[in-house]
Amino acid sequence: MASDPPPPYPGGPSAPLLEEKQGLPRMEEPRAAPYPQAMPFAPPDCGPPPYDANPGYIAPNPGFYPPPGPYAPMGYYPPTPGQFQPPYPSQYPSPGAQGTAVIVPPGPSSTSAATTVTSTTTTVTVLQGEIFQGSPVQTVCTNCQQPITTKISHDIGLMNFLLCCFCCFVGCDLGCCLIPCIINDLKDVTHSCPNCKYHIYTYRRMC
(Lines of atoms letter the chains of each structure in order from A and count residues from 1; the text may use other names and numbers.)
(Lines give C-alpha, C1' and ligand atoms only; values in the text may rest on other atoms or scores of the structure.)
Protein backbone atom coordinates (compact mmCIF):
# COMPACT_ATOMS: atom_id res chain seq x y z
CA MET A 1 0.00 0.00 0.00
CA ALA A 2 2.78 2.42 0.89
CA SER A 3 4.58 1.74 -2.42
CA ASP A 4 1.57 2.79 -4.63
CA PRO A 5 1.97 6.20 -6.29
CA PRO A 6 -0.47 8.96 -5.37
CA PRO A 7 -3.47 9.43 -7.66
CA PRO A 8 -2.87 11.91 -10.44
CA TYR A 9 -4.34 15.37 -10.23
CA PRO A 10 -6.90 15.87 -12.93
CA GLY A 11 -5.51 18.07 -15.63
CA GLY A 12 -2.03 17.83 -14.19
CA PRO A 13 1.14 16.96 -16.06
CA SER A 14 1.06 13.35 -14.90
CA ALA A 15 -2.34 12.62 -16.50
CA PRO A 16 -1.07 11.74 -20.00
CA LEU A 17 1.72 9.69 -18.50
CA LEU A 18 -0.78 7.60 -16.58
CA GLU A 19 -2.70 6.83 -19.76
CA GLU A 20 0.47 5.75 -21.52
CA LYS A 21 1.39 3.63 -18.57
CA GLN A 22 -1.86 1.77 -18.47
CA GLY A 23 -1.82 1.28 -22.33
CA LEU A 24 -4.94 3.34 -23.08
CA PRO A 25 -5.16 5.10 -26.44
CA ARG A 26 -4.52 8.79 -26.29
CA MET A 27 -7.46 10.96 -27.33
CA GLU A 28 -6.66 13.71 -29.75
CA GLU A 29 -8.16 17.13 -29.39
CA PRO A 30 -10.59 18.07 -32.21
CA ARG A 31 -9.26 20.56 -34.65
CA ALA A 32 -11.21 23.59 -35.73
CA ALA A 33 -12.63 23.34 -39.25
CA PRO A 34 -10.99 25.78 -41.63
CA TYR A 35 -13.14 28.71 -42.81
CA PRO A 36 -14.31 28.51 -46.44
CA GLN A 37 -12.52 30.78 -48.76
CA ALA A 38 -14.52 33.78 -49.99
CA MET A 39 -15.62 33.60 -53.58
CA PRO A 40 -14.39 36.39 -55.79
CA PHE A 41 -17.09 39.13 -56.18
CA ALA A 42 -17.87 40.01 -59.77
CA PRO A 43 -18.51 43.73 -60.39
CA PRO A 44 -22.07 44.56 -61.54
CA ASP A 45 -22.70 45.21 -65.17
CA CYS A 46 -22.98 48.94 -65.79
CA GLY A 47 -24.34 48.64 -69.33
CA PRO A 48 -27.68 50.13 -70.49
CA PRO A 49 -30.86 48.41 -69.29
CA PRO A 50 -32.57 46.08 -71.74
CA TYR A 51 -35.15 47.66 -74.05
CA ASP A 52 -38.74 47.03 -73.00
CA ALA A 53 -41.44 46.73 -75.66
CA ASN A 54 -44.04 48.21 -73.29
CA PRO A 55 -43.01 51.78 -72.38
CA GLY A 56 -45.77 52.12 -69.78
CA TYR A 57 -44.69 49.01 -67.83
CA ILE A 58 -42.15 49.31 -65.00
CA ALA A 59 -40.32 46.07 -64.23
CA PRO A 60 -40.08 45.26 -60.50
CA ASN A 61 -36.79 44.84 -58.69
CA PRO A 62 -35.22 41.37 -58.89
CA GLY A 63 -35.66 40.77 -55.16
CA PHE A 64 -39.08 42.41 -54.79
CA TYR A 65 -42.32 40.45 -54.92
CA PRO A 66 -45.55 42.50 -55.10
CA PRO A 67 -48.10 41.75 -52.39
CA PRO A 68 -51.25 39.92 -53.48
CA GLY A 69 -54.28 42.04 -54.23
CA PRO A 70 -56.03 43.98 -57.03
CA TYR A 71 -53.79 45.99 -59.31
CA ALA A 72 -54.40 49.01 -61.51
CA PRO A 73 -54.41 48.46 -65.30
CA MET A 74 -51.16 48.73 -67.20
CA GLY A 75 -50.19 52.29 -68.07
CA TYR A 76 -52.19 53.80 -65.17
CA TYR A 77 -50.53 56.21 -62.76
CA PRO A 78 -52.16 57.12 -59.43
CA PRO A 79 -53.24 60.79 -59.25
CA THR A 80 -51.67 63.29 -56.93
CA PRO A 81 -53.50 64.19 -53.67
CA GLY A 82 -54.85 67.46 -55.16
CA GLN A 83 -55.99 65.93 -58.45
CA PHE A 84 -59.54 64.69 -59.00
CA GLN A 85 -59.78 61.01 -59.85
CA PRO A 86 -62.80 60.02 -61.96
CA PRO A 87 -64.52 56.83 -60.84
CA TYR A 88 -64.01 53.67 -62.82
CA PRO A 89 -66.97 52.76 -65.01
CA SER A 90 -68.69 49.67 -63.80
CA GLN A 91 -68.26 46.71 -66.12
CA TYR A 92 -71.49 45.06 -65.09
CA PRO A 93 -74.78 47.00 -64.87
CA SER A 94 -76.52 46.95 -61.55
CA PRO A 95 -79.70 44.87 -61.38
CA GLY A 96 -82.79 46.86 -62.21
CA ALA A 97 -80.90 49.64 -64.03
CA GLN A 98 -81.95 48.46 -67.48
CA GLY A 99 -85.22 49.88 -68.81
CA THR A 100 -85.54 52.50 -66.04
CA ALA A 101 -86.19 56.11 -67.10
CA VAL A 102 -85.72 58.95 -64.61
CA ILE A 103 -87.70 62.12 -65.37
CA VAL A 104 -86.39 65.24 -63.64
CA PRO A 105 -88.94 68.08 -63.46
CA PRO A 106 -87.61 71.50 -64.45
CA GLY A 107 -86.62 73.55 -61.46
CA PRO A 108 -86.03 77.27 -60.95
CA SER A 109 -82.45 76.97 -62.20
CA SER A 110 -83.49 75.46 -65.55
CA THR A 111 -86.22 78.08 -65.96
CA SER A 112 -83.81 80.91 -65.36
CA ALA A 113 -81.30 79.36 -67.76
CA ALA A 114 -83.91 79.11 -70.52
CA THR A 115 -84.99 82.74 -70.13
CA THR A 116 -83.64 84.89 -72.94
CA VAL A 117 -83.02 88.57 -72.48
CA THR A 118 -84.38 90.63 -75.36
CA SER A 119 -83.26 94.18 -75.70
CA THR A 120 -85.77 96.71 -76.99
CA THR A 121 -84.31 98.82 -79.75
CA THR A 122 -85.90 102.02 -80.97
CA THR A 123 -86.34 102.00 -84.73
CA VAL A 124 -86.23 105.43 -86.34
CA THR A 125 -88.16 105.38 -89.59
CA VAL A 126 -87.33 108.13 -92.05
CA LEU A 127 -90.43 109.00 -94.03
CA GLN A 128 -90.06 110.65 -97.40
CA GLY A 129 -92.78 113.02 -98.62
CA GLU A 130 -92.91 111.74 -102.18
CA ILE A 131 -94.07 108.24 -101.22
CA PHE A 132 -97.07 109.57 -99.24
CA GLN A 133 -99.50 110.76 -101.88
CA GLY A 134 -103.20 110.28 -102.54
CA SER A 135 -103.29 106.50 -101.89
CA PRO A 136 -102.65 104.39 -98.75
CA VAL A 137 -99.01 103.41 -98.15
CA GLN A 138 -97.50 100.41 -96.33
CA THR A 139 -95.12 101.66 -93.66
CA VAL A 140 -94.18 101.34 -89.96
CA CYS A 141 -95.95 103.50 -87.43
CA THR A 142 -93.53 105.74 -85.54
CA ASN A 143 -95.72 105.57 -82.43
CA CYS A 144 -96.64 101.88 -81.99
CA GLN A 145 -93.79 100.49 -84.16
CA GLN A 146 -96.15 98.15 -86.03
CA PRO A 147 -96.21 97.49 -89.79
CA ILE A 148 -99.41 99.09 -91.09
CA THR A 149 -101.19 100.40 -94.17
CA THR A 150 -102.00 104.06 -93.62
CA LYS A 151 -105.56 105.35 -93.40
CA ILE A 152 -106.12 108.44 -95.56
CA SER A 153 -108.50 111.37 -95.16
CA HIS A 154 -109.06 114.39 -97.49
CA ASP A 155 -108.92 117.92 -96.11
CA ILE A 156 -109.32 121.30 -97.84
CA GLY A 157 -105.94 122.79 -98.48
CA LEU A 158 -104.09 125.44 -100.37
CA MET A 159 -104.98 124.03 -103.79
CA ASN A 160 -108.74 124.37 -103.13
CA PHE A 161 -108.38 127.93 -101.89
CA LEU A 162 -106.38 129.06 -104.93
CA LEU A 163 -108.83 127.51 -107.40
CA CYS A 164 -111.79 129.17 -105.68
CA CYS A 165 -110.07 132.54 -106.02
CA PHE A 166 -109.38 131.85 -109.66
CA CYS A 167 -113.05 131.03 -110.33
CA CYS A 168 -114.15 134.28 -108.69
CA PHE A 169 -111.65 136.21 -110.77
CA VAL A 170 -113.04 134.84 -114.06
CA GLY A 171 -116.64 135.60 -113.06
CA CYS A 172 -117.83 132.38 -111.41
CA ASP A 173 -118.99 134.14 -108.25
CA LEU A 174 -122.53 132.72 -107.98
CA GLY A 175 -121.50 129.58 -106.05
CA CYS A 176 -119.49 128.05 -108.84
CA CYS A 177 -116.31 129.12 -107.10
CA LEU A 178 -116.96 126.50 -104.40
CA ILE A 179 -116.73 123.59 -106.83
CA PRO A 180 -112.94 123.02 -106.21
CA CYS A 181 -113.65 122.49 -102.51
CA ILE A 182 -115.65 119.30 -103.15
CA ILE A 183 -113.13 117.61 -105.43
CA ASN A 184 -110.96 115.10 -103.46
CA ASP A 185 -108.22 115.12 -106.06
CA LEU A 186 -107.58 118.77 -105.17
CA LYS A 187 -107.61 118.32 -101.38
CA ASP A 188 -104.69 117.56 -99.07
CA VAL A 189 -104.31 113.90 -98.02
CA THR A 190 -103.65 113.05 -94.35
CA HIS A 191 -102.07 109.64 -93.56
CA SER A 192 -102.72 108.20 -90.09
CA CYS A 193 -102.24 104.88 -88.25
CA PRO A 194 -105.38 102.69 -88.21
CA ASN A 195 -104.38 101.15 -84.83
CA CYS A 196 -103.39 104.07 -82.61
CA LYS A 197 -104.84 106.89 -84.80
CA TYR A 198 -101.46 108.59 -84.80
CA HIS A 199 -100.87 111.27 -87.46
CA ILE A 200 -98.05 110.13 -89.71
CA TYR A 201 -97.91 112.47 -92.67
CA THR A 202 -99.92 115.08 -94.62
CA TYR A 203 -99.58 115.23 -98.37
CA ARG A 204 -100.16 118.81 -99.47
CA ARG A 205 -101.10 119.45 -103.07
CA MET A 206 -99.27 122.42 -104.47
CA CYS A 207 -99.89 124.36 -107.67
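Just so you know, glycine gets a Cβ as well, placed from its N, Cα and C.
Here the structure is a predicted model, which means the values were calculated and not measured.
Over in Swiss-Prot, the protein carries these features:
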BINDING   CYS141, CYS144, CYS193, CYS196  Zn(2+) binding site
COMPBIAS  1-13  compositional bias 'Pro residues'
COMPBIAS  18-31  compositional bias 'Basic and acidic residues'
COMPBIAS  41-52  compositional bias 'Pro residues'
DOMAIN    121-205  domain 'LITAF'
REGION    1-54  region 'Disordered'
REGION    161-183  region 'Membrane-binding amphipathic helix'
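Features per Swiss-Prot, on structure.
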{"residue": "CYS141", "record": "Zn(2+) binding site", "Cβ neighbours (10 Å)": "18"}
{"residue": "CYS144", "record": "Zn(2+) binding site", "Cβ neighbours (10 Å)": "11"}
{"residue": "CYS193", "record": "Zn(2+) binding site", "Cβ neighbours (10 Å)": "20"}
{"residue": "CYS196", "record": "Zn(2+) binding site", "Cβ neighbours (10 Å)": "11"}
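Secondary structure of the region 'Membrane-binding amphipathic helix' (161-183) per DSSP (helix as H, G, I; strand as E, B; remaining residues coil): 16 helix, 0 strand, 7 coil. Listed in chain order, the residues near the Zn(2+) site other than CYS141, CYS144, CYS193, CYS196 are THR142, ASN143, GLN145, GLN146, ILE148, PRO194, ASN195, LYS197, TYR198, each with its Cβ within 8 Å of the site Cβ centroid. Per-residue pLDDT, averaged along the domain 'LITAF' (121-205), amounts to 82 for this model.
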